[in-house]
Amino acid sequence: MDGDLVPKTGLKVKPVAIAGVRLRPLTPAPDLRGSLCEIHRDSWELAARPVQWDFINTRRHVLRGVHVHRLRVDYIVVVGGRATIGLADLRRDGPSFRRGMTLQAEGEAPQVLIIPPGVAHGIYAHDPVTYLYGLSAYYDGVDQAGCRFDDPDLDIDWPSRAPILLPRDADLPDFATLLRQFEAAGGVPRRS
């Protein structure tokens, strides 16, 4: 699965501590008007192309997540503000199973974060944050599960112990329950 996200041409990415997660630094082109920054090119030939893009505004101290998908790849580009993105690997057969980590993202230093299926993720807004959220499959609510952001088994060091949460995120089960549910649903399907 890890190799499925490695671009074939033209896209320089940096691997991170969780297998298959990639960061692609973006290069703004500034001029006297401001700047322009490319976030996607078809020539980058990603194995899982985004088919839907969402524009998300998040208030200060809000945490969205933690959510995981069995089938789809997510793309996150913070375009304004500063966020901490927490990641945890639920893929039992992978080299980074149960590893958690955080990444910092901000609009002043844009990058594309590519999250493969089976990696749980959440986003905490230090400031008001605006980001683009790409999906490799149309959102239908079916390919989504989650767990409490503060479960110690996630191994994610969030910057806040009491963020603002939607009730549906506050009521999510613990990590062990999510892992059982994820595996009972088949985990990440293997590609032939």
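Using N, Cα and C of the backbone, Cβ positions are placed for all residues, glycine too.
Residues annotated as active site, proton acceptor in TrEMBL: H67. Annotated active site, proton donor per TrEMBL: Y133, in sequence order.
Sequence-distant neighbours of H67 (active site, proton acceptor) (same chain, 6+ residues apart, CB-CB distance under 8 A): A120, H121, G122, Q144, A145, G146.
Counting only same-chain residues six or more apart in sequence, the Cβ atoms lying under 8 angstroms from the Cβ of Y133 (active site, proton donor) belong to W53, D54, F55, I56, D74, Y75, I76.
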